[in-house]
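Notes follow the structure.
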Amino acid sequence: MDYKETINLPRTEFPMRANLSKREPGIEKYWEENNVYEKAIKNREGNKQFILHDGPPYANGDIHIGHALNKILKDIVTRYKTLSGYYSPYVPGWDTHGLPIEHKVTKEMGDKAKDLSVSELRDKCRDYALKYVERQKEQFKRLGVWGEWDKPYLTLNPEYEVKQIEVFGEMAKRGLFYKGKKPVHWCPSCETALAEAEVEYGEHRSPSIYVKFPLKDKVNVGGVELTPGDSYVVIWTTTPWTIPANMAIALHPEFDYVVVKASGEKLVMARELVDRVMEEAEVENYKVVGQAFKGTELENKRCRHPFEDRDSILILGDHVTLEQGTGCVHTAPGHGHDDYLVGLKYDLDIYAPMDNRGVFTEEAERFAGMYYDDVNKEVTKILDEKGLLMNLSFISHQYPHCWRCKGALIFRATDQWFASIEAIKEEALKAIHSVDWYPAWGEERMANMISERTDWCISRQKKWGVPIPVFYCKDCGHSIINDETIEAVKKLFAREGSSGWYKYSAEEILPEGFSCPECGGKSFKKEEDIMDVWFDSGSSHKAVLETRDHLSWPSQLYLEGTDQYRGWFNSSLLTAVATEGKPPYEAVVTNGFVVDDKGNKMSKSIGNVVSPQDVIKRYGADILRLWVASSNFKDDVRVSDRILKQNSEVYRRIRNTFRFILGNINDFNPGQHYVDYNDRAEIDRWIMIKLQDLIKDVTRAYDEYEYHRVYHDVHNFCTIEMSSLYVDIVKDRLYTDGTNSLSRRSAQSTLYDILLVLVKLVAPVLAHTAEEVWQHLDESSKDAESIFLTDWPEVVNEYYDDRLMSKWDKLLEVRKDVAKALELSRENKEIGNSLDARVILVPVDDKQRQLLKDNIDILPDLFIVSQVELQGETGEGFHKGSETGISVSVVKASGEKCARCWKYSEAVGNDEEHPELCERCVEVVRTEV
């Protein structure tokens, strides 16, 4: 007889090779055709809500690895919450307005762009945005991300724009908007103002100059008489092009200033900075004369502008520092925030003679028509000719750049619309402290950003966006925003979208008979600027959560990259506090940036960019998802081919665990064969208790957004508790015990229970693989058509048994000592397979002896040997175990090797019909064949 035919070998169609890149699209098709997402959400209707509100990616270009990280994290959250019983619909969104799209369209159009009407330009921008929405949508879906892909929110949709106008109107009603001439970050290349969130800081080379401003007034300070002609106040700047707009020099009221005598001149500067200034100016012979004096002693005294026909006033400002420079700060209110604020206090002119391209206007006279960067050289030349340039050098420093074109920015005063942050700052800070932040330092970071935030410049000098809904009276110039005008704009946008603003005159948009509330005038013009895109996306909590019946305000979670503390988290908080008095989110989770395995930023020029599309083609989306889960994503996340290969290896082990179980329950029908927990073998109960611990730990990790713990806990369970221990021990029972024996069905029941738990625990991460496993289960073994229509596993506390766990902890410690002895015997060629062995044990004490004696029947299976014997004394060939102190000897097993189970037994040969089999195998074969 061929005894191999009598062995219960594993059988499954679940493939060993994952081949994910080819298999996953079929699984995604199954989800789509069977409406798995829709059914999962419907199943949870009426349950407690958990709404993760999607921060909209920008509809421009293909998704990058940072997008993949963020979207997969969100998918893990919503899949887990849904499995856990929450009503957790996910509505993806896109940010579809703004400069990058307009920039791309005009660049593609070239010279033809100038001939486009506003409506034509906007139509082309809309088409461009929608093209990339569709492209990115397919890329996100290929990551395995589920959600309402057929009904996403787009910031260009009319219903969204209407809600945005409503938010604007509510804030206007509180008096939070004003128009003012203030310096803002300005991109001369893109020709528009930028918000703080659109500014990137990078290395920039700038001129560094020390300049002498001639003193105009006679004054005595520190016992030294300063007179016009030989006395100067020294300033330092890295923007010589702003000196034409200089109106004052700021000193700190509390700092000590001194007079320095050098080359017959008297120079005023901060005492603490004298040596550094003179060293950098390469002045060797100098001397401090008189005593130190406070900045207050020079307030309102006058210097002459170095080359313009006007004075430069000496003023006081707390913004002056001693970190660099001279302690005397060149002040141009039209070109700096601090300069502007101190200028208001002293009623200085907000002078910025430049156009939108960074070119000086006629107002600048000698510099008219020059680009600001060229003015640097011209100013330096003039100062040098007049003998007022103390020193010129060049420095590399962190400098603001445009997020879109990457060009250097300038500070420039222009007429802009602002939202007053000061008016709601206290409310916003209070709101921050009511939110749960992951990681916890996010709370302080956000609070600091809001505390330091200046008023929000919301106007942009572009066409592709939501127009600022303001009208101006042509008769008196009054700007008009009220309930009546807001309602008129909302009606227009609901009907035609924001493009309607450009189709009709102000009078056609406003209600019939509308008159200026200030002067009664009847002629109006519309504001030409559009809103900052951060106001677009910052209104999403109202535009999405309040307009969709199945969602609710506020959301339970915002989850974005750390750059959104100054971006979407920030703008959303401000609009929510301004309109609702509360934050729009109950919790905020942030992920770090993706870097290479050396911690370097991704860069095309370096060649270290990892594309999610390439990863999916090579490894599959589930490997990308596993990489996300393996990372402590709250810090920067490393990725490389080496790291992805490591994750592939971990995936292989998890997959092999599923395959082993599926193969060994192929003939198991839970309705007929399921063995109750209390009737199972002790090792089966032990692994079931370990499984309950796994459920607890993994559930807690998911709840705390600690997915790397899920990754490690599941991997350890598969490799340590399962592969290295339980699977090894039960293989003999599964393969060689009677097909329908209690011992085999007990092991199968346990494997079945483990599979049902394990596949659910990994489902939020390994979504495709979990579904694949589920579809390979026999219909009798599952209660739903998809893994994602099941419920999260619950801990069965009744399984816990301290006595059993204590006993098995001790037995498994002994097993470790036996395993080491077996390994030594293998190395010494004393045995081949562990089943060749007979293990002799000499316990360390009576307690250990009794434990082993009571369990002597299960020890061969536990150690995976043929025989185990207890002895009273050690002798030659014994090894003392490092775990328990037990003495272990390994000798050749007695008897003959069973042809069926490969265990040695003295009973082999006793049966005439089956002389090659041991007693156990004879009984099985006789019963079943």
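Cβ atoms are placed via backbone N, Cα and C, with glycine included.
Just so it is clear, the model here is predicted, and its values are computed rather than measured.
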Feature motif ''KMSKS' region' in Swiss-Prot, mapped to one of the ranges 111-115, 361-365, 461-465, 601-605: 601-605
Swiss-Prot annotation (motif ''HIGH' region') - matching range among 57-67, 79-89, 508-518, 706-716: 57-67
Helix, strand or coil at Cys898 (Zn(2+) binding site) [DSSP, three-state]: coil
Shortest C-alpha distance to Glu560 (L-isoleucyl-5'-AMP binding site) - which of the binding-site residues Cys898, Cys901, Cys918: Cys901
DSSP three-state assignment for Cys921 (Zn(2+) binding site): helix
Sorted by sequence, non-Cys898, Cys901, Cys918, Cys921 residues with Cβ within 8 Å of centre, Zn(2+): Thr736, Ala899, Arg900, Trp902, Lys903, Ser905, Val908, Leu917, Glu919, Arg920, Val922
Three-class DSSP secondary structure - Lys604 (ATP binding site): coil
Among Cys898, Cys901 [binding-site residues], residue with fewest other Cβ within 10 Å: Cys901
Across the motif ''KMSKS' region' (601-605), average pLDDT on the 0 to 100 scale: 81
Top Cα neighbour of Lys604 (ATP binding site) in the set of binding-site residues Cys898, Cys901, Cys918, Cys921: Cys901
For Cys918 (Zn(2+) binding site): intrachain residues, at least 6 apart, with Cβ closer than 8 Å: Cys898, Arg900, Cys901, Lys903, Ser905, Ala907, Val908
Cβ neighbours of Cys921 (Zn(2+) binding site) where a neighbour is any other Cβ within 10 Å: 26
Tally of DSSP helical, extended and coil residues in the motif ''HIGH' region' (57-67): 3 helix, 1 strand, 7 coil
